[in-house]
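S.K.: Supplied in structure tokens, the structure appears directly below.
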Amino acid sequence: MKIKKSVTYGSHQLTFETGEIARQAHAAIMVSMGDTVVLVTVVGAKSAKQGQDFFPLTVDYQERSYAAGRIPGSFFKREGRPSEKEILTSRLIDRPIRPLFPENFYNEVQVVATVLSSDNEVDADIPAMLGASAALVLSGIPFNGPIGAARIGYINGEYVLNPDTSALKQTQLNLVVAGTRQAVLMVESDAMELSEDVMLGAIVYGHQQMQVAIDAINELADEAGVTAWDWEPPARDPALAVKIAELAENDLRAAFRQKQKQVRSETIDNIWTRVFTELGVEDGEGPDAQAVKEACFALESRIVRSQILDGEPRIDGRDTRTVRPITIRTGLLPRTHGSALFTRGETQALVVATLGTGRDEQKIDALQGDYSERFMLHYNMPPYATGETGRVGTPKRREIGHGRLAKRALVAVLPSPEEFGYSLRVVSEITESNGSSSMASVCGGCLALMDAGVPLKGHVAGIAMGLIKEGNRFAVLTDILGDEDHLGDMDFKVAGTENGITALQMDIKIQGITKEILHAALVQAREGRMHILAIMRQVLPARREDISEHAPRIIKIRINPEKIRDVIGKGGAVIRALTEETGTTIDITDDGTVMIACVNAEGGELAKKRIEDITAEVEVGRVYDGTVLKLLDFGAIVSVLPGKDGLLHISQIANERVNNVGDHLKEGQVVRVKVLEADDKGRLRLSMKAVATDVADNAAT
């Protein structure tokens, strides 16, 4: 039976449909918003695999080129591996729904969102998130939803719900928020140095507005009739938890006072190996291995969380507001354009900035059309950063997500193309990781760009905040460790300048986070950010005055657009010869802007002069140094500027009578000529005699 539910959501009509398409899936929802249509399906395994000890949720968001009336540009003319946009949207859907599955639910679940129709004014991410929420509710899979999702803009001091793509060009804020009826679960945003109050207001506003979508999903589920799965969580054995606590609690408390991550991890591993042996898990005579693992994790969590809530020092000895020790080095790689080594505790990022030309911009083939990005930030975290072995190669989803977050943080302070005509690439190599490596990439990226001489509008720093909450007691943690992220209730990353926030990312694992807690976290994050900014300014107060000697120099000039063909030449012959001769790279836009990139300044100036000569207009009455191209019986053809030739008549060569042109001129000879006339076809009449007369007159004067 086909069921349809529509509501007004912002300036668009939001429609959910089910019961017609993809009926073999456990649930399928067609979501429409404007002319954007997304099909979201959910399929779940009825039982968990033997020995499964984690929740295997997979979210795949995929865009089809036909959705925008396009044919893929690849050789095979079909969609290939996921684009960065698809990967980021998959993560955006995954993050708010993952915490809503019950603990110990290990059945495989797959969510697939396919964009079937794309409206240039409506991004498919919000419809896809809402569709995933609705499909999970209709599937009957254990899920504590639904969730709502909304995009919030901030234009002229007002919050805007689900702004169109064109409106986003004017907004100071692009924030996506998702949550249940009771609580916010996820926030992802970039901003133009906005205050904590404005950011918090946007989150609260988004949560209020999304209730419309949540109500629509609940009404759809009521009308469809949902059959809940017959799933019960495995019964816990209180006696097992007591036994494990007797065997390990004292040793664990001592282990969690070890400040070095590797030493602490090794000590804890040894404790659990001993516990497994004493309980007889390995030989099959003791309790179930999965039950023991869960009890061990619960004990770790209880120890760390209770210590923090009781006001005791954190794992590494800090209080809740202290940032780990920071060391910074800049300019450490001699041949790169800019580099920085940012170390905060046991998290370290080696960040490198590279300056390029317009042709180095990243070309992106998107559903909304092709465009280019002048700023790229790539994040790499090899396995050695955590003391492990593993696959090295193409970036994983996590690396792409962290890179995009760091990029969002820096975009607000970049100079405009008119101020600084370079394309920019920043690469963050995470060489050590113990929490908040993406925020280390923000700090290191800012310093590397300034080391490269990029005129940023200000320093940018990032910090990761955590939360421990039990009942009415809570503690906000500044600059969290990896263990605190793992055992805590929130991962809240905030980046910005001294003037305001430029990027924010929040993932909450529990319900019941209040506005007051979020405000406390934002205020505490500002304290930490200001502390880091002060250290960064001490090391590098401002950008380098000169760019690296190894970076390309860019010379920018403007020419008459009608002269572009002259610079390029037939089949590109002129510009090709020019670049080869001068050792430069030359890019010309349709409006006549010419960008000359060179490592050698002399080559750049030579290319500039040649282009100016090619595009220069010949002035009547002006004297030029011309080259004799060809001798004729009645005179000679002389080139006064590239592509500008004129006739030097035999009567204009000298004051005396000339019988033979060859007696006075030779091909290749440089002579001074005056332009006497230029007709409407551009033909020039030249004179050497007039130059001599002018010289004589000046001498007499």
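Using the three backbone atoms N, Cα and C, a Cβ is placed for every residue, glycine included.
According to Swiss-Prot, the protein has these features:
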- D485, D491: Mg(2+) binding site (BINDING)
- 552-611: domain 'KH' (DOMAIN)
- 621-689: domain 'S1 motif' (DOMAIN)
S.K.: Enumerate same-chain residues with a sequence separation of six or more from D491 (Mg(2+) binding site) and a Cβ-Cβ distance below 8 A; give 'none' if the list is empty.
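M.R.: Once residues fewer than 6 apart are set aside, D491 (Mg(2+) binding site) is near A464, M465, G466, I480, D485, Q505, M506, D507.
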S.K.: Averaged over the domain 'S1 motif' (621-689), what pLDDT does the prediction give?
M.R.: 88
S.K.: Hey, what's the Cβ neighbour count for D485 (Mg(2+) binding site) at 10 Å?
M.R.: 17
S.K.: Kindly report the helix/strand/coil residue split of the domain 'S1 motif' (621-689) according to DSSP, in that order.
M.R.: 7 helix, 36 strand, 26 coil
S.K.: Provide the three-state secondary structure of D491 (Mg(2+) binding site) computed with DSSP.
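M.R.: The three-state answer is strand.
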